[in-house]
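> After the structure tokens below, expect a handful of questions from me.
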Amino acid sequence: MSPALQDLSQPEGLKKTLRDEINAILQKRIMVLDGGMGTMIQREKLNEEHFRGQEFKDHARPLKGNNDILSITQPDVIYQIHKEYLLAGADIIETNTFSSTSIAQADYGLEHLAYRMNMCSAGVARKAAEEVTLQTGIKRFVAGALGPTNKTLSVSPSVERPDYRNITFDELVEAYQEQAKGLLDGGVDILLIETIFDTANAKAALFALQNLFEEKYAPRPIFISGTIVDKSGRTLSGQTGEGFVISVSHGEPLCIGLNCALGAAEMRPFIEIIGKCTTAYVLCYPNAGLPNTFGDYDETPSMMAKHLKDFAMDGLVNIVGGCCGSTPDHIREIAEAVKNCKPRVPPATAFEGHMLLSGLEPFRIGPYTNFVNIGERCNVAGSRKFAKLIMAGNYEEALCVAKVQVEMGAQVLDVNMDDGMLDGPSAMTRFCNLIASEPDIAKVPLCIDSSNFAVIEAGLKCCQGKCIVNSISLKEGEDDFLEKARKIKKYGAAMVVMAFDEEGQATETDTKIRVCTRAYHLLVKKLGFNPNDIIFDPNILTIGTGMEEHNLYAINFIHATKVIKETLPGARISGGLSNLSFSFRGMEAIREAMHGVFLYHAIKSGMDMGIVNAGNLPVYDDIHKELLQLCEDLIWNKDPEATEKLLRYAQTQGTGGKKVIQTDEWRNGPVEERLEYALVKGIEKHIIEDTEEARLNQKKYPRPLNIIEGPLMNGMKIVGDLFGAGKMFLPQVIKSARVMKKAVGHLIPFMEKEREETRVLNGTVEEEDPYQGTIVLATVKGDVHDIGKNIVGVVLGCNNFRVIDLGVMTPCDKILKAALDHKADIIGLSGLITPSLDEMIFVAKEMERLAIRIPLLIGGATTSKTHTAVKIAPRYSAPVIHVLDASKSVVVCSQLLDENLKDEYFEEIMEEYEDIRQDHYESLKERRYLPLSQARKSGFQMDWLSEPHPVKPTFIGTQVFEDYDLQKLVDYIDWKPFFDVWQLRGKYPNRGFPKIFNDKTVGGEARKVYDDAHNMLNTLISQKKLRARGVVGFWPAQSIQDDIHLYAEAAVPQAAEPIATFYGLRQQAEKDSASTEPYYCLSDFIAPLHSGIRDYLGLFAVACFGVEELSKAYEDDGDDYSSIMVKALGDRLAEAFAEELHERVRRELWAYCGSEQLDVADLRRLRYKGIRPAPGYPSQPDHTEKLTMWRLADIEQSTGIRLTESLAMAPASAVSGLYFSNLKSKYFAVGKISKDQVEDYALRKNISVAEVEKWLGPILGYDTD
């Protein structure tokens, strides 16, 4: 029987009992939360009728997938799931109410049932908890789950309208209030606000709960769980973990933590951060690992339990459980793993004595924080420019004012919309919403500034961070003051209190102190307001007015500040600085000097922050001495003539300013500075003349080599340092390299002449080496991909390494010979395709055999740190290091060649790689695989007789496409991989194309590279410098078990021999016990031979020709940038060719989707029917299947695309694959396979097991060594 939830006679007792009871348990042990509800519901395989039940059998909309309705239509199913989790060891179960708000239920037309759904769900959970409590004698608790809803307050659903929102704060509060009522009436013990991807939504939920607790419901313990979406450590709306904690701490949660989106391993650093910044208990319920390529969760119960036990052993958690993909099996093992672990001990205080604010990022104001600049220019009353923009409705331009304030150093941004001609609440809402769309601005907290409390509330309802309210006062009496303060506390904001009471504005020192002291005690004693969230403004008033009574205003503020800080612990002091100098408006130099002097003294007395024009504050010591003394006299009232003297000073000094520096002013510097500037900025225009000028200075640079070793290398060192610090980007570095090559190219003839003269004179030439070291780079034998390698070469060259680039398809003996001939310090190997991994192992073995003891670097798309540590490093006794990308290569090479660092660095690498090997071998033991026979039985099943029969292609055989129109392909280019080549990656919310252009860090450079790409594309296409060729083919096909047999057009498959066979690999890694996913193989999507239904399979191969020749020409001309650009564009055109041709196949050539109407964005999201998997990729990882394609369609003869010995395609800008028309076909990853499938596959292909293991090495689920 559920407790009396609306019993108001003893609300404090109920609160105390529940909170204290849970608190007592948490102090003794780690509690366990349940696992995924959706995961378990999927296991039940419920259909539409189950979801509808009898009550909703005639409902107008489909209900399948609306899991929450099952608490009404299938309560026994939900009850049983709850009970399984409880018996598995869960102390707390969550109600089945993740989407039980009227907002989320509107999608199903059931918004009117929100209250009932919550009450029923709570009742079902309550029944299960009480039954298991009686059964086991261990008290179980029910947490009412309040999900995030499917709408967000911080992100616009419209790209074109960043200020638009499809939900309001008040609507969310109403929805959460209705949901919470149902949960409370149904008997929950805890209210859990979970899976928070937008903190503003969570703040609305907290507001709703507080409303209920104030009305009639006894308070319940509140748990809050956020969701960090990726390794950036931010929520979907862009807030950091600490920012999130600060934003919701006003809700006084008993527990706070994270769930969903990440697995335990990925979640750990963010749980650690949260634990360090909260005094609440910490809860953690991650997913069962990260979702794989197809959305499944692969982490086994034991793996997940191990991770969470590590959390517990390290004192990070108080409550653990599971989210997506987790089951009672996971919870059972987790409960067992943590049962003897000590719980985390929450700190007694977190950032004691600090004012904690947040925008997207946290901002802490502590005892040692310097003066805080609150940007003043976003104020219609204080900035004519801003007011003009807002009045004209030009909010986007007004946003630039805010951005400049932040860039100039504002740590908090004041926003004021108080003007009689404005709709204040609407203007505040629109502008705050726009700020939320700009991460560079939204990272700082806002100060919502208005004399109209309705405007203040409008602003608070838009902000996910913790704001400052500016301001309230005792002007209208205590009741009004306390009512507003109570609301501010409920919104979770700090606030400014003006020194203003019923008698008016405080101007004298004693009055300021008295008013502020009275307000402080009202807030702290009556409302329990955190003293650290109180800011007093003792009124900065105007001086220099000519009125004697105003002369002491500055002194009174400074003296009052000192006393307030000494007597009111925790409180801060702020003020509006521009008021001080209002008498001197129009004289900006005077005003700024007055502000600088005033702040110098006010800060000494304890002023913490001020509303200032960030960036326009002079340093006290930098103010002209005469002006400084005049300001001192005025502020301290030392001279009755101070105002007049300041005015006279302004008239004699004028209002001039510095001239704007002209663009080419750098040309006026010495030649060394010009050379360095040109290198850093990538400016080619003057490089030859400047290099020649330096060469002609024989006194300073007697030899051409001196110029290289001096100003040129100095410039490139700056480039390298900036790149390493993330202040320069790859395209810029490559442009710098292009300038360097031109300069060196100019000097080479002079150096060769000098060398020849020395040889004639002395008979020999002493070689001099200005480089840090020599590095041999090569793409290994059989592989033709080299963009990444070339970029690494350029970056290393920019950092004073000599790079010997051997190109592509480089055999081992050539690599080793070059290393010996050039006395290389390091060898770097690159590869894109999986067979290249074996070639890298071979090179390492040969280096060991020949006793070549120099470091070996491994890189390329197919490589990984794990493969390097497990498969390559053990074969070679010198350092073997995996290098992720160009930006890491310089650091690695520098440490390997530093005599003082290299030994220690190598030891660290050896230890790290040994740990990786141990983890790898342990994971092999933990992985479980279905026997192949069982995996086949659990494969994807289709009712071929009832499904629509396969469509016959418009032709059988092949069709070749010569000289394909490149212009048609431009719109199909996917630009994201293009930017990846240049290592340009935007941060949330500016990831991907075209949003990357908005990114503050890389956006400008991305736009330049994109423009360069389009210019080059236009040239390549208009001048026909590239050619595209391809082939498409179709044949009758039938599946037999895991293989696909192809037949001649006239053949009867049941009686004929196949003309070709494509061999398939099937998923074997055991899936979660709750998963209903089949174990896929590509053959599942082709009609079986025994079905009697005729099916078809297609194939294609396309390529862009001429890329290598153009790239080489650019390289020979010293233009690395264009060399890399043309290769990147060649790859994009080839992929675009594959995309466009597949569209034609679906609509015309095979015509199984003749009416398809998809745009390019839809194609990228894979919204088309059918698939085009490629051999060597996840759905069929075996590259040898290409041999069958090439033979069947005579691809090399018809297109010129050939296969290397490692089965890479040449040219490198090529794509090939198979076409499946089955409307239910999907992309999947085969994943790891076990030995029985390898043996079976070898037998079917009639090759040795060893040969199969060679080609399938990366997906083997066992160790072959």
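The first residue you see is number 1, and the count goes up from there.
Each Cβ is built from the backbone N, Cα and C atoms, and glycine gets one as well.
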> Given Swiss-Prot annotates Cys323, Cys324 as Zn(2+)-binding, which of Cys255, Cys260, Cys400 belongs to that site as well?
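My reading of Swiss-Prot gives Cys260 as the candidate in that site.
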> Swiss-Prot has Gly382, Ser383, Arg384, Asn470, Asp537, Asn579, Arg585, Arg591 down as binding (6S)-5,6,7,8-tetrahydrofolate; which of Asp440, Asp449, Asp510, Asp621 does it also list for that site?
Asp449
> Per DSSP, what is the residue tally for the domain 'B12-binding N-terminal' (662-759) in helix, strand and coil?
76 helix, 0 strand, 22 coil
> Any idea what the model's mean pLDDT is for the domain 'Hcy-binding' (19-338)?
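Over the domain 'Hcy-binding' (19-338), the predicted model scores a mean pLDDT of 94.
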> List the other residues in this chain whose Cβ sits within 8 Å of the Cβ centroid of the Zn(2+) site residues Cys260, Cys323, Cys324, in sequence order.
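So the additional residues around the site are Gly36, Thr195, Asn259, Ala261, Tyr285, Pro286, Asn287, Gly322, Gly325, Ser326.
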> Tell me which residues of the chain lie with their Cβ under 8 angstroms from that of Cys323 (Zn(2+) binding site), as long as they are six or more apart in sequence?
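Sequence-distant Cβ neighbours: Gly35, Gly36, Thr195, Asn259, Cys260, Tyr285, Pro286, Asn287.
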> Looking at the recorded positions Glu709, His785, Ser830, Thr1264, whose Cα is closest in space to that of Arg1172 (S-adenosyl-L-methionine binding site)?
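Going through Glu709, His785, Ser830, Thr1264 one by one, the Cα closest to that of Arg1172 (S-adenosyl-L-methionine binding site) is His785.
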> If you run the three-state DSSP split on Tyr1227 (S-adenosyl-L-methionine binding site), which class comes out?
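In the DSSP reduction, Tyr1227 (S-adenosyl-L-methionine binding site) maps to coil.
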> Counting only other Cβ atoms and using a 10 Å cut-off, which of the recorded positions Ser830, Thr1264 scores lowest?
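Output over recorded positions Ser830, Thr1264: least Cβ neighbours within 10 Å is Thr1264.
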> What residue among the binding-site residues Tyr1227, Phe1228 has the most other CB atoms lying within 10 A of its CB?
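Buried the deepest by this measure is Phe1228.
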> State the three-class DSSP label for Cys324 (Zn(2+) binding site), counting H, G and I as helix, E and B as strand, and everything else as coil.
coil
> Per DSSP, Thr1264 (phosphothreonine) is which: helix, strand or coil?
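Reduced to three states, the DSSP call for Thr1264 (phosphothreonine) is coil.
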